[in-house]
């Protein structure tokens, strides 16, 4: 029966998606490879090498003897991913286009193309991730009717599919999948979920996929390529000159081309200064970038943030969080960073306060806080508000010691607000 199952696999021209397609073929499925063109390389002198990637994906299909299709989502990528990327930077935030690409392009545009145009029973990608469904359960989703209307039949049981971390914890990519819809996840297979990167390379070497094995792994944002992020952004955004200001004594240390070019935690390259300074705050009104002199300066550390309305993989918040309004779990805001123990506080509007057990370095507006409970990725929310830094709190304590009559009920950030 499995020989009749049709799986459409996204091919990037890299080793991971190539081996994913190979493994699906080995399982006896009817496999179709699809290459997505998401960026117009003609505008960027081929920075992303999209044409070469497409050729490599086509060659994979030839080696595996499977059909090849190419689709263009350049317009959709520009509207749903790149425009948001620029808008977020212009607001002084630090966006993650990879998360939005998976949400809007790979698991929406590509997913619907595979199912509606190619008649796929399931889709597959080369991501290092797992779900709570076995392959055969994924295929059964094709015949599971989605609830109609605003209210679900209370007798209908439709258990949500869980997004689980990959066996290779270092390569795990659930961070980038934390905004994927439940409907798309139900029909998705991740063939590499139980494998290590080294084993994937070994499979490629043993199956004549040398042309993708020899390619360097793509890192960073595709449409930027090897270029400097600041130079790239200034091609699209107007410069807004401002000052670098010391957070400790308000000394002006230098000038910059735009406060939106800097992310909290990064090193600020200030002309004429030999010692390193780091971005700790940004003042969009004045255009100033506040900096501190040490990589471990307390102004870099915070333990409180608030997100926008959280996208839960299961479509609804965990039952414990709904019941108690608070829940212990873990989160991260950068791929591959260590998971941070935290407490979530659920607000009525679906946003959450995140209180880290220990202050973390480099939290920035616009980043995604991705939540985990054990091996399960619960979902994510965009960071829209930050609590005070450890440096600000310390200054407040010092002022209180000097002026004990000062009120301790001054307004500020609090998880209940």
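Think of each number as a place in line: the chain as shown, counted from 1.
Heads up, the Cβ atoms here are built off N, Cα and C, so glycines get one too.
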Which range is region 'Disordered' per Swiss-Prot? Of 376-396, 397-417, it is 397-417
Additional site residue, 126, 193, 242, 254 [criterion: listed by Swiss-Prot with 10, 11, 12, 13, 14, 15, 16, 17, 36 for ATP]: 126
For residue 367 (site 'Interaction with tRNA'), list the number of other Cβ atoms lying within 10 Å of its Cβ atom. 24
Taking residues 10, 11, 12, 13, 14, 15, 16, 17, 36, 126, which bind ATP in the record, the widest Cα spacing (Å, whole number): 16
Please identify, from the recorded positions 12, 36, 127, the residue with the sparsest Cβ neighbourhood, meaning fewest other Cβ atoms within 10 angstroms. 12
Nearest of the recorded positions (101, 127, 267, 367) to residue 12 (ATP binding site), judged by Cα-Cα distance: 127
